[in-house]
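S.K.: Got a structure for you, questions after.
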Amino acid sequence: MGIQYKRILLKVSGEALSGPKGTGFDEATIASICAGIKAAHELGAQIGIVVGGGNFWRGRSSGKMDRMDADKIGMLATVMNALAVKDALRQQGVPAVVMTSSFMPQVAEVFTSDKAIAALESGKIVVFGGGTGNPIFSTDTASALRALEIGADAMFKATMVDGVYDKDPHKYSDAVRYDTLTFTRVLDERLAVMDSTAATLCRDNGLPIVVFDLGEPANIAKAVQGERVGTIVKE
Ligand code: UDP
């Protein structure tokens, strides 16, 4: 089978990196996710990754703390995750770099689209840390933004569920999974794919999203080849 999506932006939530622990890092889980990423890379896909921060901190659930400070802590959490994912990829022999949205020269390179595209074209995986660099936004929005900036053919949203359902499949046994959906429907019916800022960005710029279960890391390579692994959202 050939490759359907040559350049992808993969969104990995922070929670996914914590595995069964539910918080912080779980090295075995990170290694298994990275093995799935490596398999897709070996097919020839160019891969950018945006990592979330929810395994450490989320600004929106920070209680009394000033939201701007809380979101800065959240963005720093995503930088920690980006470093961990880069390290795990390198341990498996996959060339990878971290680029951050804010200047942190001792930690990683600062993101520019030119540098990121050059790195992708040279065969490196680029892990984007720091979200958009702005409070209030989310790493879903950062994923849509980076996907557009690097000219990705699709955004892959790897989640804990195997696609988008009409209702929560963990609560309702008769929940139905969609094979394809439009962004307008996702927005109108407030389906739990991603926040509406991110969904609007994707819709307005014609960026398709593939939503699938990261519990099965082989899904990344399958999706790159165009195999149906979850739900595709497009216009
Ligand atoms: N965040 C932010 N701006 C961004 C991206 C993230 O302020 O552009 C902060 C925000 O506080 C968020 C936290 O970083 O709660 C972690 O990101 P997110 O909740 O998207 O992570 P995920 O749920 O995907 O692990």
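Cβ coordinates are placed from backbone N, Cα and C, and glycine is handled just like the others.
Note: TrEMBL annotation is automatic and uncurated.
Here TrEMBL flags Lys11, Val12, Ser13, Gly14, Gly54, Arg58, Thr159, Tyr165, Asp168 as ATP binding site. What TrEMBL records for Gly53, Asp71, Thr132, Gly133, Asn134, Pro135, Ile136, Phe137, Ser138, Thr139 is UMP binding site. The domain 'Aspartate/glutamate/uridylate kinase' annotation in TrEMBL covers 6-213. Sequence annotations record features per position, and here TrEMBL assigns region 'Involved in allosteric activation by GTP' to 19-24.
Tell me about the setting of these features in this model.
M.R.: In the three-state DSSP assignment, the secondary structure recorded for Lys11 (ATP binding site) is strand.
DSSP assigns Gly53 (UMP binding site) to coil, not to a helix or a strand. All protein chains shown were included, and the count of other CB atoms within 10 Å of the CB of Gly53 (UMP binding site) stands at 28.
Secondary structure counts, DSSP: the region 'Involved in allosteric activation by GTP' (19-24) has 3 helix, 0 strand, 3 coil.
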S.K.: For the binding-site residues Lys11, Gly54, Ser138, which sit with their CB under 6 angstroms from an atom of ligand 1?
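M.R.: Gly54, Ser138, by Cβ distance under 6 Å.
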S.K.: In sequence order, which residues at least six apart in the same chain have a CB under 8 Å from the CB of Asp168 (ATP binding site)?
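M.R.: Same-chain residues close to Asp168 (ATP binding site) (Cβ under 8 Å, separated by 6 or more) are Ala175, Ala192.
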S.K.: At 10 angstroms around each C-beta, which of the binding-site residues Thr132, Asn134 has the fewest other C-beta atoms nearby?
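M.R.: It is Asn134 that, of the binding-site residues Thr132, Asn134, has the fewest other Cβ atoms within 10 Å.
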